[in-house]
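To start, the structure under review is shown below, and the notes come after it.
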Amino acid sequence: MPSRTGSHRPAGIGKSLSERGLLLLIVLVLLEGSVLPLGAASSPDISHKEDLDKHKVPEENYTKKAFPVLDLDYHHVHTPFEVSLWVLLASLMKLGFHLIPRLSGIVPESCLLITVGLLVGGLIKLAGEKVPPVLDSKLFFLCLLPPIILDAGYFLPIRPFMENLGTILMFAVVGTLWNAFFVGGLLYAVCQIQPANPSILHNIELLPCLLFGSIVSAVDPVAVLAVFEEIHINELLHILVFGESLLNDAVTVVLYHLFEEYSGAGTVSVLDCVLGVISFLVVSIGGVLVGAFYGILTAFTSRFTSHTRVIEPLFVFVYSYMAYLSAEMFHLSGIMALIACGAVMRPYVEANISHKSHTTIKYFLKMWSSVSETLIFIFLGVATVDGPHAWDWTFVTVTVILCLVSRVIGVIGLTYVINKFRIVKLTTKDQFIVAYGGLRGAIAFSLGFLLDENLFPMRKMFLTAIITVIFFTVFVQGMTIKPLVELLAVKKKQEAKRTINEEIHTQFLDHLLTGIEDICGHYGHHHWKDKLNRFNKKYVKKCLIAGERSREPQLIAFYHKMEFKQAIELVESGGGIKLPSAVPSTVSMQNIQPKKPPTAKPAERVLPQLPKGREEEIRKILRSNLQRTRMRLRSYNRHTLVADPFEDGFGDLLMKKQKMIELEKKIHDMNNYLTVPAAPPDSPTMCRARLASGKDTDFKPAQQHKGNTICPDPQAYSMKPTSDSVPTIHVDLASPQSPDSVNVMDEFKRASKKRDEEDQGLMMRPSTGLRHAGEADGGKEQQKLTRCLSDPGPSADEEEDEPFLP
Amino acid sequence: MGASQTRTVHKYQDLADKTGFSLEQIKNLYQRFQHLSGNEETISRDNLESIPALANNPIRKQIIAAFFDKRNQHQDEVGSCNEIGFEQFLMVMSHFRPPNAKTTEEEKEAMRKEKLRFLFNMHDTNNDGTITLVEYRKVVEELLSNSGDIGQEAAKAIADAAMLEVASTNVPHMGPEDFYAGITFEHFEQILEGLEMESRMHIRFLDVNTATMRCGKSQS
């Protein structure tokens, strides 16, 4: 708390100078990090030199003039210009696909993007230019891949990931090893048995084959993400395939370096194998450790950012990037470092940073990753057109077939083993999807691209085969997986957001299971998880989270988050009519409050007999007030952003939030009185139907008016409690009667409001649900108002019903 | 000796049929039971309360109460007892069995119901078929009991919000004078639908014995 209250400006000036210096340094480092490789990637390129030559001619022309009013110096900007052009192209393409209505439903975006890449590459080639080596490995690994992986790591659903870690690791490590050796070995065998015509395949040795196998066998996170995001598969399958694609990076890296190293020498000894295993452990665990280290560093840094909120997101990005680079520096698994970094930092960073920074991080990560992904697929297309190809039918077909076969065998074999240990077994359908979802992507291509032409004379053939496999998996499997998922009726992801009840019960269950384990006296998962949680709460959170929040239990944090979200929704909707849409019902606190003197109700209910116009007015006032407070605070400040009412420290935030909630309650209550819902509570189906038909709290159903006018009438009450037992049919039964009764009662008003009465007679006939719908549309407020004054309400009807009931 | 051996095996077989545990698991649990009870025939609340590992569990009281709740012992009785024998102990434990590959869909459904009923009974302390707001508040309070004052303050608000949520999802339309009495079992099932209790609410009971068991014992 003390550090939070210090966030008000006067205290922060002295410190912020030095801090800003530090930040500047970091920004520079970041810029260097991100721009240099870009430049390095695209500048040593002959096509640009041609550009340069071309543009020199006009330049000379211009310099002869006295003063160049308009100058053309393309070379000066060409690198960033081209980069922006690519990004723009990618973004526009992404935009375009979603404008074409049915296209994106049939073809996955990744396929479309590759096609665009092919077209662009083809155009460049037709124009006679040399296709730029866009998918340069350096560019790919240093610029395009990290955002995607960070996005995946930061938003990794940790719980399912950890729960299935064993399965994921099994697929990632053993599965990838199996694939690599199966594909590599059999490929070598196939290359050897071809006695008839002499071909280059005979020259291929075992090690390059294994290297090729290790490149082509790894499931690619980018491709998997691109496809799986679209098919909305259930969480378990998603995390299995996706987790595998992330964690197999370490295996791929080690295998790649191992085989690359020894394919020159030609032999691998047992010692090398042992070293390889050790190296695998070092690469994977080292990567995770590096990531975790940077993650903790990020969390720790974010503890002190309460004075300079603007740069908060930057820390997340820069530290993560540093983690990636540091890991890559030692040939550790950069992907695993990023994943670990993102997953470790997230809970702490989220507690420290402001809400806005959190949103910024979310959007930036999503934006970067989606642009990167788009670029990768486009570049893949371009590189395909560009690449020096050596097409060999045997090699390519055998590769594709072997990839598929090894994947299927691997998955089936591994699930057989895994299912012995799993509680939730993987069904045949699951296995099929896991096997089928093993898409290959740009990582394989980039690794193939990195091969040294001198060491591997068959590099071109390898590249062609890799590209074919990628295209096959992305196009054929990627396009068919969606229909297959639907055909097999694989369970899909439920979109429902987490409710507070679920949160309570998840926690309750955790504690319960821990307790039962303790009583059983053996220490299983829950016990250790509990230990870890307690350690986290006791020590780690204190160090990494500033202020009050470090002591906040998870449940309370969740509740606050939810409350906060609702408050924001409320403000953003401007307190408009749609307000209670978050809770699409008219149930309010008083419905669940156990002890409530029933006498208080009539008084309460008489009070807010607001006509609709008046209600609107109140809403307007409230809204404009809210806007004004927000407006006042909205002054531009480069360093502190807008001093948002939500962000001046936690205490303040709580207070504001409380206010919001109160306001919401007020409006909600007001709404409630105005929208006292259908008196005869409809059957569940009817409720649902009405829910589906729209937010019917927005309606001003007739009953509410009745309720308001009749409220002193005890009949209204006598009717409500029975509501659950009275089916809607009663109303229907009554319907022939009701117009009459109404007419009798309103005889004297009839003359003056004839039209109105007709309307009413019509309205009374169907059950109330329909009536609402009928009245909701059309601005018949005036009518309704008059009617509610005259309408005796359904209670009268009900009374008359009684004799009709059997 | 031999006779008693066969008798215990026979008894175990009975229990195994009743609870669905394997003989090995029952043996393990029996050892644990004896350890907890101090070689007595029955186990009392004090025995469970003295388990050191439980000391930090915020819902310790409910867990222990669940063991002595007659509703959880597949009998039609209501109320709680002071001491339970091994069979009752096993009955309570059997709620935490994982589903295995052989369980059919119907069995799974039954298992889910049973597990949910167990949870529901933990919350519904007075056995009136609903979890009232007061009971729910109590649950949340216990959950947050380790976090001191903030917890207690927030607990009420959270329970209220949760109750409101249940009420609004299950009975979307209520007049201000309607009263939502509490969460019935059906509503309870509905709100926990997304949690997949049947597969989640389980612990791994040890199949193979002794070494780990000993180790666990010596620590506790």
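Heads up, the Cβ atoms here are built off N, Cα and C, so glycines get one too.
The feature transmembrane segment is assigned by TrEMBL to A:21-40 (among others).
Sequence annotations record features per position, and here TrEMBL assigns domain 'Cation/H+ exchanger transmembrane' to A:88-486.
Within its own chain, the transmembrane segment (A:107-127) has Cβ neighbours under 8 Å at 89-90, 93-94, 97, 223, 226-227, 230, 373-374, 377-386, 471, 474-475, 478-479, 482, counting only residues six or more beyond its boundaries. Feature annotation from TrEMBL assigns transmembrane segment to A:107-127 (among others).
Within the chain, the transmembrane segment (A:139-156) has long-range Cβ neighbours (under 8 A, six or more residues past its boundaries) at 34, 37-38, 41-42, 221-222, 225, 242, 246, 316-317, 320-321, 324-325, 328, 334-335, 338-343, 345-346, 361, 365-366, 368-369, 371-373, 375-376, 379, 442-443, 446. Feature annotation from TrEMBL assigns transmembrane segment to A:139-156 (among others).
What TrEMBL lists as transmembrane segment is A:168-190 (among others).
Counting same-chain residues at least six beyond the ends of the transmembrane segment (A:274-297), those with a Cβ under 8 angstroms from any Cβ of the stretch are 173, 247, 250-251, 253-255, 257-258, 319-320, 322-323, 326-327, 330-345, 544. Feature annotation from TrEMBL assigns transmembrane segment to A:274-297 (among others).
Here TrEMBL flags A:333-351 (among others) as transmembrane segment.
Taken from TrEMBL, the feature transmembrane segment applies to A:363-383 (among others).
Taken from TrEMBL, the feature transmembrane segment covers A:395-419 (among others). Counting only same-chain residues 6+ beyond the ends of the transmembrane segment (A:395-419), those with a CB under 8 A from a CB of the stretch are 166-167, 170-171, 174-175, 178-179, 182-183, 186-187, 190-191, 201, 212, 216-217, 425-426, 430-431, 434-435, 438, 440, 461, 464-465, 468-469, 472-473.
Positions annotated as transmembrane segment by TrEMBL: A:431-450 (among others).
Per TrEMBL, the feature transmembrane segment maps to A:462-485 (among others). Here the transmembrane segment (A:462-485) has long-range neighbours at 106-108, 110-111, 114, 208, 212, 215-216, 220, 223, 226-227, 230-231, 233, 380, 383-384, 387-392, 395-396, 399-400, 403, 432-433, 436-442, 444-445, 448-449, 451, 456, 492, meaning same-chain residues at least 6 beyond its ends whose C-beta is under 8 angstroms from one of its own.
The annotation domain 'Sodium/hydrogen exchanger regulatory region' is assigned in TrEMBL to A:582-686.
The annotation region 'Disordered' is assigned in TrEMBL to A:751-806.
Under the heading compositional bias 'Basic and acidic residues', TrEMBL lists A:772-784.
Annotation source TrEMBL lists compositional bias 'Acidic residues' at A:796-806.
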Tertiary contacts of the transmembrane segment (A:333-351) (same chain, 6+ residues out, Cβ under 8 Å): 141, 145-146, 149-150, 152-156, 158, 161, 221, 246-247, 249-250, 253, 283-284, 286-292, 294-296, 298-299, 302, 316, 319-320, 323-327, 358, 540-541, 544-545, 549-550, 552, 557
Same-chain residue ranges lying at least 6 outside the transmembrane segment (A:168-190) that approach it to Cβ under 8 Å: 161, 201, 204-206, 209-214, 216-219, 239-240, 243-248, 250-252, 255, 280, 394-395, 398-399, 402-403, 405-407, 409-411, 413-414, 417-418, 434
The domain 'Sodium/hydrogen exchanger regulatory region' (A:582-686) [mean pLDDT, rounded to integer]: 50
